[in-house]
Amino acid sequence: MFFLLGQAAATLDSPLAARSAPLLQRVDRSMSSVTIPPPACMLRPLEVPLRYLFGPGPSNVPPRILAAASRPIIGHMHPEMYEIMNDIKRGIQYAFQTENNMTIAMSGSGHAAMECAVFNTVEPGESVLISINGIWGERVAEIAERMGANVHRLVKTPGGYFTNKEIEQAIEKHKPVLFFLAHGESSAGLCHPVDGIGDICRKHNCLFLVDTVASLGAAPIFMDKQNIDILYTGSQKALNAPPGTAPISFNERACRKMFNRKTKPLSYLFDMTHLSNYWGCDGKPAREYHHTGPVSGFFSLRESLAILAEKGLEESWKKHTEVVAYLYKGLEDLGLKLPSVTTITVPDGYNWRELLAYIMKHHQIEMTGGLGPSIGMVMRIGLMGYNCEKTNADKALNALADALKNCKKSKS
């Protein structure tokens, strides 16, 4: 029993063992009272099908990163683990193009970073401005409302662009402490320009928060040059890694707001006061226990950032642009209308669910429909990271052509 381990002097005939005997008898009796049998499904081997993940994420993971995740587990507070975390920090700084010291990876999906950003920089009653042109702006608005912020929405139809003039007018009107924009709005297939917006936010003493979950590694972003105060992403798209970790970075402006608040953040798990220490960003000599990080997930993230560094950001951006253009041309040849380079308008007369189900059944390819406000409007294709190859674009195009040929089309 674990409660006896570490008691080197406690032999079986010692007083400690004698005192433990009644407890061990109770444990033995409780072990005989199991009434629910093991489920049959858990007595079968794990089976996972091979799928081509050509949707908006997660993406297929290269063998090198799968191998990294299979390395032996080490303690989450071992010196070797801290060194891996330090590597991750430097890799994120490269991917974000930032020198921010306050750069970490959240233990969780992109939503964890999203909530971390809002919870730490906004206090109840403060004004925030959220641009909404898809589901991610809607999510951030709800998060901010749940923690008691005064939320103002700047809304476009899914996939719509906001001009810098519209953004500045809204900031002047609502005087927010935080403005949110999705750089990669995956629900609508949009990569939004960010040039000049950070300057506007600085002019009006407002923090600029940017979501790059669907765009980092696939499209250029320059955190420092573009005056982005808080930037986050997810591991499972163009970064090649499995879902479960979420890089995030705060600049000095964001840190001043974050660490000089009057109230504690809503979440203990996402409190940057603790996380900054866990990641060695607070200048203290020792890192203290906060939570158990996803060790294998950090192995994977570290390796994915290493691949990005070896390839080079410019090469990654170039390859994604070339493959998207190739896919775009092929989709046009099929007669499909594209509101953007990663989404397809649902063809007239077709049931989008039937098209996607046919592609999955006959080609083992995952594509997805719209999300949030774009449900029923579009189908989405993602060729990111490891999947970013023209051969995969051909697979996707062939599957779509086959589905259009064989799925029933209504007369309308």
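Glycine too: its Cβ is placed from the backbone N, Cα and C atoms.
According to TrEMBL:
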DOMAIN    52-389  domain 'Aminotransferase class V'
MOD_RES   K237  N6-(pyridoxal phosphate)lysine
BINDING   R380  substrate binding site
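Cβ neighbour density within 10 Å is lowest for R380 among the recorded positions K237, R380.
Per-residue pLDDT, averaged across the domain 'Aminotransferase class V' (52-389), gives 95. In this structure the alpha carbons, written CA, of the residue listed as 'substrate binding site' and the residue listed as 'N6-(pyridoxal phosphate)lysine' are 14 Å apart.
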